[in-house]
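Down below is the structure, laid out as structure tokens.
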Amino acid sequence: MAEPFLSEYQHQPQTSNCTGAAAVQEELNPERPPGAEERVPEEDSRWQSRAFPQLGGRPGPEGEGSLESQPPPLQTQACPESSCLREGEKGQNGDDSSAGGDFPPPAEVEPTPEAELLAQPCHDSEASKLGAPAAGGEEEWGQQQRQLGKKKHRRRPSKKKRHWKPYYKLTWEEKKKFDEKQSLRASRIRAEMFAKGQPVAPYNTTQFLMDDHDQEEPDLKTGLYSKRAAAKSDDTSDDDFMEEGGEEDGGSDGMGGDGSEFLQRDFSETYERYHTESLQNMSKQELIKEYLELEKCLSRMEDENNRLRLESKRLGGDDARVRELELELDRLRAENLQLLTENELHRQQERAPLSKFGD
């Protein structure tokens, strides 16, 4: 019975030497009791070979061989030439594995070339899929793994790299140097553009803002001394001039006439703006009330003005006395100026002999 089994086994199609390694392998357990059937899932078509009927077993319900008479699974590793076949045939042709068949024990079978090909080791197994090398390429594979494990060389930053610093963190000296450098660069670029005939825009700087800011406040002390000195007559004395100069300079704020006018104008503008805003925010009743208050204030000021006019008329006789005092003051100033000129002449005459004696 071994010869028909081997002949049918040899006629099965062979795709490669590793077809048996890809399928699920399972060795027969020698301790399994005889006659035990191996249950195979019906859903998996790989385990049901309908194209090739089973040999050496009883016919099934559909005319095929029973599950007991399946050929032994192929081994993934190399087996001896005759031991694999004998172990696979034990469950089918042995006396203790067949339930109802009276088959004699198989005779010794000579190894065929097909059986030797099936018994060769598989080189395309999972080990080769994971990248395991063959026996001859172990060194090359190890070298590739070492190269992959090496870290890439990372270049260090250049030591000559300029560290940038924000402008607001610079010191005063650093800001000054930076501004000078930028101005020189802008001037150079403008000169190059002008030489090429291209239109040149003015240097973009904020200095004009500072100039406008400085011009907002008037020059309070420019030309005050010369104008006041030219307006003074020759009959004034040095003491009177110093006193008048102190009055012209203003109070403790040190601002002259132009400064006081500027402050007065600024105050009036601010007051008008505030008054306008307050009137716009008032309701109609509040505006009527404010108008009545202003009329009362106007009538009161008119009464005060009339009273002061009457008093000035009563004191009209004192105006002549005031004029006489003003004339007397002018005469005394003229005498004082004459005395000053005479004193200066006497000093010059006293210095002349001393200069001759020194020579």
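Keep in mind that glycine also has a Cβ here, set from the backbone N, Cα and C atoms.
Fair warning: this is a prediction, and the values are worked out from it, not measured in the lab.
Swiss-Prot lists 283-349 with the feature coiled coil.
The feature compositional bias 'Acidic residues' is assigned by Swiss-Prot to 236-251.
The phosphothreonine annotation in Swiss-Prot covers T236 and is backed by a large-scale study or a structure entry.
Look at Swiss-Prot and you will find 150-177 tagged as region 'Basic region'. Across all of the region 'Basic region' (150-177), the predicted model scores a mean pLDDT of 79.
The region 'Autoinhibitory acidic region' annotation in Swiss-Prot covers 210-250.
Per-class residue totals from DSSP over the region 'Mediates interaction with CCNT1' (286-314), listed helix then strand then coil: 29 helix, 0 strand, 0 coil. Taken from Swiss-Prot, the feature region 'Mediates interaction with CCNT1' applies to 286-314.
Per Swiss-Prot, region 'Required for inhibition of ESR1-dependent transcription' is recorded for 310-355.
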